[in-house]
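Copied from Swiss-Prot, the annotated features are:
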type	residues	note
ACT_SITE	Cys131	active site, acyl-thioester intermediate
BINDING	Ser162, Ala163, Gly164, Pro165, Gly166, Thr167, Arg168, Lys169, Asn170, Asn273	NAD(+) binding site
Amino acid sequence: MTQKIKCALIGPGNIGTDLLAKLQRSPVLEPVWMVGIDPESDGLKRAREMGIKTTHEGVDGLIPHMKADGVQIVFDATSAYVHAENSRKVNAQGALMIDLTPAAIGPFCVPPVNLKEHVGKAEMNVNMVTCGGQATIPMVAAVSRVQPVAYGEIVATVSSRSAGPGTRKNIDEFTRTTAGAIEKVGGAQKGKAIIIINPADPPLIMRDTVHCLVEGEPDKEAITRSIHDMLAEVQKYVPGYKLVNGPVFDGNRVSVFLEVEGLGDYLPKYAGNLDIMTAAAARTAEMFAEEILAGKLTLQAA
């Protein structure tokens, strides 16, 4: 039996429940706690059925058990408003926080673009940007590594059913955090993000549009090659990530049209926005877990 790093999840909503399914397949991560605030929550009930310990008393219900249960990595899938306090409490117990809210108090992580940069930095909080950011920033980065991007704009369209109450409360944070990461991680000088929640029924698959204004005449061949290379990188952990059209060149504008189909772990396959977020978080946590298991990373209580 390979040793695994024990994890806890805060937030038993759409994202937390989908992430739980992914962690159970991980070779190096073992989910042991699910934390919520509603004793009747479907996510807590599902976690209990899987034999995972649960509390409906929020983070304060988890903290006393973290050391005894050996929890070293905690995922926060709640809301930007409560994340800072959650992170402070968890870090004080010497556990690493992976933030799936748009709070962004820690550095951004978009695995195919900058996961390797986080190795060896002993960070105690990393932020997974947003679902729209995880889907589109790799494409902005694919263009910006070929030539400078003066402006990057993304439009993420998600089905209404896949956007839970936490996502809806965080729309402003979504746009701000995603725009910031388009600049910091994607490499655009100026970023803008738009989210559209589509109420169509049956629900539509996640769709993303990426526009980049490059400086000078676009190097079509190099940009196209870079986009296809990046596509393959994302598909390693999100197989349903597809390039529907593009890159389309119009003057100095480069446009890419994407579709993200999920694995259907919790919500059906149209909810690719859950998948890309949870798969990226699991991938990031696995990298930290591998470092801990190899003795290269020792977590210190904050």
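If you go along the chain as it appears here, the first residue is 1 and each next one adds 1.
The backbone N, Cα and C atoms fix where each Cβ goes, and this holds for glycine too.
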Same-chain neighbours of the NAD(+) site, Cβ within 8 Å of the mean position of the Cβ atoms of Ser162, Ala163, Gly164, Pro165, Gly166, Thr167, Arg168, Lys169, Asn170, Asn273 and not counting those residues, run in sequence order as Gly13, Asn14
Within 10 Å of each Cβ, count the other Cβ atoms, then let me know which of the binding-site residues Ser162, Asn170 comes out lowest. Asn170
Return one of helix, strand or coil for Asn170 (NAD(+) binding site), based on DSSP. coil
Site with most surrounding Cβ atoms, counting all protein chains shown within 10 Å, from the binding-site residues Gly164, Gly166: Gly166
Can you tell which of the recorded positions (Cys131, Arg168) has the fewest other C-beta atoms within 10 angstroms of its C-beta? Arg168
Whole-number Å distance separating the Cα atoms of Gly164 (NAD(+) binding site) and Cys131 (active site, acyl-thioester intermediate) is 13
If you measure between the CA atoms of Ser162 (NAD(+) binding site) and Cys131 (active site, acyl-thioester intermediate) and round to the nearest Å, you get 11
Fill in the CA-CA distance, Asn170 (NAD(+) binding site) to the residue listed as 'active site, acyl-thioester intermediate', as an integer in Å. 12
